[in-house]
Amino acid sequence: MTQSRYTGRFAPTPSGFLHFGSLVAALASWLDARAVDGRWQLRMEDTDPPREMPGARDAILQTLERYGLEWDGEVAFQSQRFDAYASVVDRLFNMGLAYACTCSRKQLEAYGGIYPGFCRNAGHAREGAAIRIRVPELTYRFTDRVQGEYQQHLGREVGDFVIQRRDGLYAYQLAVVLDDAWQGITDIVRGADLLDNTPRQLYLQELLGFTQPRYLHVPLIVQPDGHKLGKSYRSPPLQADQATPLLLRALRALGQDTPAQLASATPAQVLAVARAQWRPERIAQRTTVPEADLH
Ligand code: GLU
Ligand code: ZN
């Protein structure tokens, strides 16, 4: 039996610029693929036009290029995949695996994000309703390459979840699973903020007959004051002229060595060395970036 060739991906959402946390995820994903001569694909997760920031797509592509994170083939755009998503939603709905939900946000407020199943057997029409997938009363588990064993009981901890919103837009959970399978992704390397989304994705993969990829969730970058570095909190866009120092900081956040002579290297040179020395087993489950490495 031949093992399919490593295919990784980076899947930014164009709701903002890339920040340091996204660089850490992109770099880990790129290195993990390139260290084994694997492929690395880029997918723009532009499923939500109202939340897209004008100019963000181009800026993201440009930043990746400037930082030397080259991808293979064409960029995939989720906004061009709506027909594929629609046919899967139709199929799941027609099979009774998904159903229409008319609950308002207000009605669900008291349930802490776990859907209480109000519309499960209501037989609502699809028009103007969200579509939810029925989850089984089962625990989904996997072994993450950095975070170790992770498990979640879908019925108790998540509940039936939305795959298509009331406004017709497709949910991340559905799009990501369909596109990872469509692009032949064998390895998913991404931020640990998505760890608790993974069991939902495992369930959809199982339901749709897809192969389960391997997972590596890189630590969230926590600032010295305890705040997560994210889109909403003090996350300056990555500057093109800071590529080398920021790549070195990102490597340190991933537990990798950064030989002193790399300080004056080009981004491509930094990446070539990092690729040859890549040690994913040195990634910590949690990282606090020293104050000095944030500015
Ligand atoms: N689009 C997601 C983000 O920007 C990443 C999704 C994924 O890697 O599965 O956080
Ligand atoms: Zn409902």
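Cβ coordinates come from backbone N, Cα and C, glycine included.
Whatever TrEMBL says is automated annotation, not expert-curated.
The annotation in TrEMBL ties R9, F10, A11, P12, T13, E45, R190 to L-glutamate, and of the candidates under consideration, Y172, Y203, the one tied to the same site is Y172.
Of the given residue ranges 3-7, 78-82, 123-127, 228-232, TrEMBL assigns the label motif ''KMSKS' region' to 228-232. Secondary structure of the domain 'Glutamyl/glutaminyl-tRNA synthetase class Ib catalytic' (9-111), assigned with DSSP and counted as helix (H, G, I), strand (E, B) and coil, comes to 52 helix, 14 strand, 37 coil.
For ligand 2, the neighbouring binding-site residues among F10, C101, C103, Y115, C119, R190 are C101, C103, C119, by Cβ distance under 6 Å. Considering only the binding-site residues C101, C103, Y115, C119, the residue whose Cα is spatially closest to the Cα of F10 (L-glutamate binding site) is Y115. In terms of DSSP helix, strand and coil, the domain 'Glutamyl/glutaminyl-tRNA synthetase class Ib catalytic' (124-231) has 33 helix, 34 strand, 41 coil. Using a 10 Å Cβ-Cβ cutoff, P12 (L-glutamate binding site) registers 22 neighbours.
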